[in-house]
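*Asks:* Checked TrEMBL, it gives:
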- 15, 16, 17, 18, 19, 20, 21, 22, 23: ATP binding site (BINDING)
- 11-222: domain 'Cytidylate kinase' (DOMAIN)
Ligand SMILES: Nc1ncnc2c1ncn2[C@@H]1O[C@H](COP(=O)(O)OP(=O)(O)O)[C@@H](O)[C@H]1O
Ligand SMILES: Nc1ccn([C@H]2C[C@H](O)[C@@H](COP(=O)(O)OP(=O)(O)O)O2)c(=O)n1
């Protein structure tokens with residue numbers, strides 16, 4: 001990257017559930033005038049479509065056969081990110097327990113991943129000022145040439161406490177178990193698993209406040225832009 005020039009900067013933020021990817025990515029993008037893409041919402045959206053269309057989620061062949069059918073549109077304004085399926089706003093519908101419990105199975109199907117990855121790359125290419133893209137495989141697979149790659153981590157306890165706080169005080173132990181199960185599925189799948197890119201900066205957020213994580217990533221982006 002040229003020194004100081006405000007080139008379109010591509011930032012990849014990966015990590016397991018509850019590490020602060022979405023909150024950090026939105027805030028960094030908003031602060032730096034970048035676009036924002038929640039790739040988890042895209043996988044949740046196609047899962048919602050599969051479930052509501054009556055596709056057998058236990059049957060990867062059935063999922064693969066219709067992976068190209070739903071039209072999934074993501075809005076990339078960090079202050080108002082949106083997600084729709086065939087024109088229907090699904091921002092709330094994709095956050096249900098039913099979708100959360102099935103998204104890993106749908107996300108493991110190669111035809112689903114290749115279709116969604118294509119969407120992600122075209123959105124990143126279209127972001128004139130640059131973009132913060134958050135997910136599981138952005139730095140390793142989707143945008144391997146990203147200017148900055150960050151991999152967020154946190155203890156299972158911290159992540160479960162944060163997630164259950166979000167889920168209006170859901171049982172922390174049950175939340176922790178569900179997170180660990182989903183992390184294992186996302187990390188062990190054959191096609192573009194959850195993994196830290198070799199050139200990613202790892203940030204353990206367990207003992208950090210959200211503000212501290214945001215400040216850390218903003219500094220990393222600014223250092224990249226300054227050519228450090
Ligand atoms: N470092 C942190 N300290 C405390 N709470 C956090 C921190 N990072 C995120 N949170 C909170 O935890 C919850 C999950 O954060 P989120 O950004 O959705 O994580 P992810 O996208 O990695 O699943 C949100 O309520 C968020 O405000
Ligand atoms: N780039 C991505 C993003 C999400 N996924 C899958 C795996 C995740 O369990 C689900 C949901 O992701 P999401 O980021 O919404 O989940 P969390 O908010 O981290 O709990 O989607 C993926 O396979 N690849």
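Placed from the backbone N, Cα and C atoms, the Cβ positions cover glycine too.
Fair warning: this is a prediction, and the values are worked out from it, not measured in the lab.
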*Asks:* What count of other C-beta atoms do you get within 10 angstroms of the C-beta of residue 19 (ATP binding site), across all chains shown?
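*Replies:* For residue 19 (ATP binding site), the count of other Cβ atoms within 10 Å is 25.
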*Asks:* Quick one: of 17, 23, which of the binding-site residues has the smallest count of other CB atoms within 10 A?
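*Replies:* Among the binding-site residues 17, 23, the lowest count of other Cβ atoms within 10 Å belongs to 23.
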*Asks:* Roughly where does the domain 'Cytidylate kinase' (11-222) sit in mean pLDDT, to the nearest integer?
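*Replies:* The answer is 97, the mean pLDDT of the model over that range.
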*Asks:* Sort residue 23 (ATP binding site) into helix, strand or coil using the DSSP assignment.
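*Replies:* DSSP assigns residue 23 (ATP binding site) to helix.
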*Asks:* Count the Cβ atoms, other than its own, that fall within 10 Å of the Cβ of residue 21 (ATP binding site), considering every protein chain shown.
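*Replies:* Its Cβ has 26 other Cβ atoms within 10 Å.
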*Asks:* Report, as a single number, how many Cβ atoms besides its own are within 10 Å of the Cβ of residue 15 (ATP binding site).
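*Replies:* So the Cβ neighbour count for residue 15 (ATP binding site) comes to 25.
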*Asks:* Is residue 17 (ATP binding site) helix, strand or coil when read with DSSP?
*Replies:* coil
*Asks:* Taking ligand 2 as the reference, state which of the binding-site residues 15, 17, 19, 23 have a Cβ closer than 6 Å to one of its atoms.
*Replies:* 17
